[in-house]
């Protein structure tokens, strides 16, 4: 076999660059929200699974929280159940909640678990109802126009917010060398199911576990300034300034606020990562430049 010296040299450089990061993060917990394009492309799905298995193999503890909005929408359409959204949130009546549980807790969750396990991992699929992993309550949404004397309370059904996270279960799995894969379904005080935004679940899980990092995979290159340039590193103070001056707006606001709250809640750093890039998770963790935006309380890269 002929040795390709250029290829071998590149591999050596990559490993050399990664080694300090591996040492730094060994034994640490990283919570990764998996969604967007990274869940749709077969190549990206395979790369993600391999990334997760490699992280576990070098002593890092990944915890995966996944979305599944498009898959839910597809099944609702096939069942002729109409979808309605208010402020970006799916109105979830009882019939829709049944579909959400079926898709997230069944199809999507088990597909991810199976993919990770096929590449050598030991993943276990969970919903928030397992051992009351995610206790939740109904999310209250209000709207007020200048003509209203009081805000209007809008009922969006079985949409919830996180009350608490059962860290005992997750810590037991992590210490047992398992990789938890969590569907964002919460359980209420009376056993009712709640559909919860996956970013919010990932953020609350990261806070509860005192994770080293929260990583949110997206379909964009990262946070951008008004000139369209990616901002690779920001403090929480700088992010708040960008929100105030309108640089960050619209659909990115909930995701950014989730990342901010995680850092303010004790997570060392949050990352908005371009999930369209192959091996994005490894590149963000193990390279100097990364592939997205890092948010932290201290001066970042």
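Each residue, glycine too, has its Cβ placed from N, Cα and C.
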> Besides 68, 69, 195, which of 23, 24, 90 does Swiss-Prot list for that substrate site?
Replying inline: 90
> Expressed to the nearest Å, what is the distance separating residue 68 (substrate binding site) and residue 33 (site 'Transition state stabilizer') at their Cα atoms?
Replying inline: 11
>> Quick check: with 68, 69, 90, 195 left out, which same-chain residues have Cβ atoms within 8 Å of the centroid of the substrate site Cβ atoms?
In response: 67, 72, 73, 92, 100, 103, 104, 198
>> Restricting to the chain of residue 195 (substrate binding site) and a gap of 6 or more, list residues whose Cβ falls under 8 Å of its Cβ, or answer none.
In response: 90, 92, 96, 97, 100, 158, 159, 160, 184, 185
>> Give me the CA-CA distance between residue 255 (site 'Transition state stabilizer') and residue 33 (site 'Transition state stabilizer'), in Å, as a whole number.
In response: 11
> Can you give the largest Cα to Cα distance in Å, as a whole number, for the residues 68, 69, 90, 195 that bind substrate in the record?
Replying inline: 12
